[in-house]
Amino acid sequence: MTDHTMKKNPVSIPHTVWYADDIRRGEREAADVLGLTLYELMLRAGEAAFQVCRSAYPDARHWLVLCGHGNNGGDGYVVARLAKAVGIEVTLLAQESDKPLPEEAALAREAWLNAGGEIHASNIVWPESVDLIVDALLGTGLRQAPRESISQLIDHANSHPAPIVAVDIPSGLLAETGATPGAVINADHTITFIALKPGLLTGKARDVTGQLHFDSLGLDSWLAGQETKIQRFSAEQLSHWLKPRRPTSHKGDHGRLVIIGGDHGTAGAIRMTGEAALRAGAGLVRVLTRSENIAPLLTARPELMVHELTMDSLTESLEWADVVVIGPGLGQQEWGKKALQKVENFRKPMLWDADALNLLAINPDKRHNRVITPHPGEAARLLGCSVAEIESDRLHCAKRLVQRYGGVAVLKGAGTVVAAHPDALGIIDAGNAGMASGGMGDVLSGIIGALLGQKLSPYDAACAGCVAHGAAADVLAARFGTRGMLATDLFSTLQRIVNPEVTDKNHDESSNSAP
């Protein structure tokens with residue numbers, strides 16, 4: 001996967017993402033425009049994959065290359081030929097089929113044989129000396145679980161001690177969705193070509209891609225002139241959204257935020273949302289909650305303004321606020337329902353999370369000034385489907401949420417997806433497994449709410465908030481690891497993250513001082 005620390009990624013990964021079907025249609029056009037053949041593109045792909053293998057595993061002396069019966073297999077034949085040419089021992093296993101190979105793959109296969117290479121059946125006993133496996137079985141056209149013979153090869157590769165380099169995409173991972181309906185290669189490195197595919201960034205991608213590498217195959221000039229439907233957002237882009245503040249700015253310039261929630265026993269949720277909003281730069285934060293929570297919240301975070309939630313305090317606060325966040329610890333009893341009914345007609349930007357989403361699923365409506373932030377379980381309730389259906393196509397489900405509920409939808413998870421009308425779609429390339437703990441969603445709500453108050457558009461606030469949230473966790477993970485990370489731990493790094501001009505300066509200075 002891409003580098004999720006604050007360091008610059010050592011491998012250049014683009015921020016544009018293409019559906020695999022669009023790449024397949026576009027690569028022929030690109031080749032024609034640039035005077036290339038598709039076979040020349042295959043040779044470039046094989047060369048790029050070979051270089052990744054050599055760079056990552058310079059001491060590997062016996063490569064096992066697994067070739068499928070398609071153009072992904074053609075790339076594998078090129079890798080095998082290049083490895084053999086430099087004296088590496090290569091064992092190549094090929095999947096046979098009654099169908100002829102695509103023209104380009106057939107040429108690559110012929111070149112391998114002409115170079116003295118041999119092709120073995122896929123069911124042979126693997127040599128004991130194999131110390132690198134190259135996965136070129138299945139490409140980006142896969143739509144379902146691999147068939148049994150390929151699944152057996154995948155399982156064998158995964159159980160073998162040799163590292164695996166996947167060509168274009170790990171076999172068994174769906175390029176459009178990141179779903180894994182059957183067996184899937186667990187790669188240590190993946191080299192993908194021409195453009196990033198969404199399935200490399202969301203769903204199960206992080207479990208199976210390893211370190212992600214990219215090569216445009218020389219199509220940069222053509223790619224630069226194309227519009228893409230999906231964007232990858234990462235920590236490097238925070239400076240695009242979060243500019244240095246004017247020296248004369250005051251607290252009123254940075255947003256007046258009201259946060260509503262914290263029913264009996266859930267004061268922690270509303271406290272985390274409130275502090276996250278402050279740490280993300282909100283000018284003023286008012287919390288409306290149960291009276292029993294007032295003293296503990298003020299003691300824990302005196303910068304918050306904390307009031308009992310009543311109809312009068314809610315009415316006055318809605319008039320005062322620039323932004324409303326509702327849901328953390330709200331509950332689904334009458335207390336929370338009445339507050340949500342009052343907030344529904346708020347005309348300014350608002351964010352609904354947690355129990356607000358569970359209540360929304362019962363009484364759905366469409367609001368264009370609202371950001372919703374469901375995890376897969378909440379998204380399933382909002383769309384009336386199963387969690388498995390949500391996870392099978394996260395991008396499509398995020399778009400469905402926008403179609404049904406309006407505004408901006410943030411479908412949380414590894415490779416969070418952010419969608420907005422009419423066709424804005426982003427994948428968040430930040431965050432880690434340490435965030436799989438209680439309270440992380442409450443912190444995210446506060447961050448996005450704060451950015452809404454700082455005049456970012458709902459879509460930009462959602463994208464920037466998710467990136468800042470994940471990047472703060474990545475700093476912690478790089479230092480302490482992912483196990484045992486708490487939501488409140490993010491506060492120690494969040495302030496750094498939302499001031500990217502300081503972060504960039506510190507990074508540049510440390511880079512310049514390095515020996």
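From the backbone N, Cα and C atoms, a Cβ is placed for every residue, glycine too.
Swiss-Prot lists Asn72, Asp135, Ser171 with the feature K(+) binding site. According to Swiss-Prot, the feature (6S)-NADPHX 2 binding site maps to Gly329, Asp442, an assignment based on similarity to another entry. The domain 'YjeF N-terminal' annotation in Swiss-Prot covers 23-225. The annotation domain 'YjeF C-terminal' is assigned in Swiss-Prot to 234-501. Residues or ranges marked as region 'NADPHX 1' in Swiss-Prot: 71-75, 139-145. Residues annotated as region 'ADP-dependent (S)-NAD(P)H-hydrate dehydratase' in Swiss-Prot: 235-515.
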Practice problem: Over the region 'NADPHX 1' (71-75), work out the mean pLDDT and round it to an integer. | Solution: 98
Quiz item: Which state, by DSSP, holds Gly329 ((6S)-NADPHX 2 binding site): helix, strand or coil?
Solution: coil
Quiz item: Taking the mean position of the Cβ atoms of Asn72, Asp135, Ser171 as the K(+) site, which residues outside that list, in the same chain, have a Cβ no more than 8 Å away, listed in sequence order?
Solution: Leu66, Gly68, Gly73, Gly76, Ala136, Leu137, Leu138, Gly139, Ala166, Val167, Asp168, Ile169, Pro170, Ile185
Exercise. List the Cα distance (Å, whole number) between Asp442 ((6S)-NADPHX 2 binding site) and Ser171 (K(+) binding site).
Key: 36
Exercise. Taking the Cβ of Ser171 (K(+) binding site) as the reference point, list residues of the same chain whose Cβ is under 8 angstroms away and which are at least six residues distant in sequence.
Key: Leu66, Gly68, Asn72, Asp135, Leu137, Leu138, Leu142, Pro146, Ile150, Ile154, Val184, Ile185
Quiz prompt | Secondary structure at Asp135 (K(+) binding site), reduced by DSSP to three states | solution = strand
Self-check item: Cβ neighbour count (within 10 Å, all chains shown) around Asp442 ((6S)-NADPHX 2 binding site)
Solution: 28
Quiz item: Which residues of the same chain, at least 6 positions away in sequence, have a Cβ lying under 8 Å from the Cβ of Gly329 ((6S)-NADPHX 2 binding site)?
Solution: Gly261, Gly262, Asp263, Thr266, Ala267, Gly268, Ala269, Ile270, Thr289, Ala354, Asp355, Asp442
Exercise. Count the other Cβ atoms sitting within 10 Å of the Cβ of Asp135 (K(+) binding site), across every protein chain shown.
Key: 29
Practice problem: Could you check what DSSP calls Asn72 (K(+) binding site) once collapsed to helix, strand or coil? | Solution: helix
